[in-house]
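> Per TrEMBL, transmembrane segment is recorded for 6-33, 45-65, 85-105, 117-139, 159-179, 191-211, 217-237.
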């Protein structure tokens, strides 16, 4: 296979990443609305709108902000709006999307968790998007450092690299099965599935980024890893406090 994989649409050559990312978001949203129709938990229009706006605004801001702060030196020394807008990361999107939702819920005075329903649609969207990341190879930033392990692959240059996008797909597939099992037990509080997903995913990303090229900001940690640690601490505290109430 030659990297990057491209598609020719109406005479224009397009990388696989934006195509699969768009497909992932579309199918993820369709899956979410399907689950929402089946759900017994019904939110008012005001609450639903507030949560949607909060999640969208937070995710957009966070994905761009953290994506650009992965290399703050380039951001501040040679600023370009085009470069700023093109940089994004799911870690920033999830972290700031969470902040946006929590702020929106406080505004409309909604105290119940709203996260469980979005977990599996979100995982589906990420997995499909990561297929596009893999097919794009080194021409976007979801690739690993060189390795001589059996997992090394040529992703568009002369090095064998960790196919970190495939690692993430495999992890999410296993996590999907585990969360489905937990969901069927039905002995957990509302929001617990989302909490476990966030704690698991950010823990995985913390360690995954050690085998990805990164700019070290604090010690040997990159910006994404620092965000991951903050989210991990938050959810350990949240899950511990939630369990103490039951």
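Cβ atoms are placed via backbone N, Cα and C, with glycine included.
Curation does not apply to TrEMBL; its annotations are automatic.
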> Looking only at residues six or more beyond either end of the transmembrane segment (85-105), which have a C-beta under 8 A from one in the stretch?
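For the transmembrane segment (85-105), the sequence-distant neighbours (Cβ-Cβ under 8 Å, at least 6 residues beyond its ends) are 47, 50-51, 53-68, 70, 111, 114-115, 126, 129, 198, 201-202, 205, 224, 227-228, 230-231.
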> Which stretch from 6-33, 45-65, 159-179 shares the most C-beta pairs under 8 Å with the transmembrane segment (117-139)?
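Comparing 6-33, 45-65, 159-179 against the transmembrane segment (117-139), the winner is 6-33.
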> In the same chain, who gets a Cβ under 8 Å from the transmembrane segment (6-33) while lying at least 6 residues past its ends?
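Tertiary neighbours of the transmembrane segment (6-33) are 117-118, 120-122, 124-129, 131-133, 135-136, 139-140.
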